[in-house]
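Feature annotations, courtesy of TrEMBL:
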DOMAIN    132-230  domain 'CRM'
DOMAIN    252-348  domain 'CRM'
REGION    32-64  region 'Disordered'
Amino acid sequence: MLKLFSRWRHDFHSHNRPQILRHLTKSHFEDDPPFSPILKPQNQKNKKLKEDVSNKKPQNKFPIKSNLPFDFRYSYSETNPSLEPIGYRETPKFSPFGPGRLDRKWTGTVAPLQQAADIAKVEEERNAVLGNPLSEEEVSELVERYRHSDCSRQINLGKGGVTHNMIDDIQNHWKKAEAVRIKCLGVPTLDMDNVCFHLEEKSGGKIIYRQINILLLYRGRNYDPKNRPVVPLMLWKPYPPIYPKLIKNVADGLTFEETKELRNRGLNSPPLMKLTRNGVYANVVEKVREAFEVEQVVKLCCAHVGMSDSKRIAVKLRDLVPCVPILYKDEQIILWSGKKATENTLNDLLHIVSEKKNARFLPFLPLYADTRLQNYAPTFRSSLPSPPTFDHLQHRSPPPVVYLPEIDSHHDFRRQARQHCPFSSLPPILLPL
């Protein structure tokens with residue numbers, strides 16, 4: 001029965017299927033028009049709102065024109081404008097301000113002014129913003145408000161020094177605060193006077209507090225945030241250019257053997273100071289100067305400072321002390337006082353000797369003078385009075401030989417020495433214990 005039923009079902013569907021399909025084709029598909037999207041009617045109100053929003057969008061006005069009266073650099077306090085690089089690590093065509101965003105041309109290290117600024121006018125505008133000087137009470141109030149470490153208006157100044165974008169950060173803080181706390185760490189702390197100068201010159205403010213590496217920069221009485229100067233931002237940090245080699249194989253004024261001797265002397269000497277990474281180096285220059293009054297070579301230990309910071313420190317000390325870096329090895333900097341400093345020290349000593357006519361200063365000359373400069377000493381020895389002669393003592397018989405008995409203790413030695421000494425009339429000499 002099941003077979004008969006399944007066969008009947010199959011015959012029914014196969015016989016009626018074409019009729020059903022034909023019926024569906026005629027009723028549904030033959031009269032259907034071709035597909036076409038139905039356009040919705042647009043609302044005119046929405047159209048007007050879109051046009052108003054598009055008109056209100058701020059349009060980028062490039063290139064940016066800035067009235068700041070100085071050349072734009074990445075770092076103002078850590079670069080020397082008088083020193084020209086010998087090469088570039090990237091082409092000067094790529095400006096860190098972005099293509100077409102600044103009205104000044106980037107030369108690889110600086111974006112110079114188009115026209116020279118009027119210094120008198122700039123100084124007058126700055127004094128107008130600063131206004132009358134602050135009284136002692138006002139200064140103490142600002143210092144007490146902003147000098148603490150938990151101050152929210154703080155900018156950290158690192159090894160880059162006073163950078164270009166830092167000027168914009170200072171202006172942003174001045175919108176809601178009268179002063180900004182600046183904490184300086186690393187290489188720029190070697191010359192805090194230079195940091196203070198560039199902060200005041202580039203921002204237009206005034207430093208009212210300075211404690212080692214902590215500064216407070218005041219904006220001025222008549223400062224208006226709405227009329228703040230336009231500071232175009234650098235979009236990335238430019239690659240530093242290539243400068244001449246810092247340490248030469250042979251120091252200027254010396255031979256190779258003398259340079260090698262000074263380097264070995266510096267490596268074998270104890271370090272004057274041990275510097276830390278991102279530390280405060282405010283007293284390093286003074287200590288190096290004091291050390292050069294006694295020694296020709298000074299060693300600084302930079303075990304945790306890093307190679308780049310160590311070279312920056314050597315360059316700073318070369319200009320501030322001044323001195324000559326002669327070696328950088330095993331994270332140690334060897335500094336030489338220089339030929340001029342050695343000659344000046346020798347001339348001072350020889351001047352004392354020639355004026356006082358005293359020969360007791362001559363033995364100390366080798367301690368301060370270079371071996372090549374000791375030849376000047378005989379010229380002054382000829383002008384000194386001749387030492388006393390002891391001809392009348394040549395015919396005198398030698399003193400008798402005295403044999404001391406056995407010595408049991410140190411005090412017995414002193415007692416017996418006084419008894420048997422032929423020069424008993426002289427005061428006894430106190431021997432160290």
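Using N, Cα and C of the backbone, Cβ positions are placed for all residues, glycine too.
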Model confidence over the domain 'CRM' (252-348), averaged pLDDT: 89
The domain 'CRM' (252-348): DSSP-derived helix, strand, coil residue counts: 46 helix, 19 strand, 32 coil
The domain 'CRM' (132-230), counted residue by residue under DSSP: helix, strand, coil: 41 helix, 23 strand, 35 coil
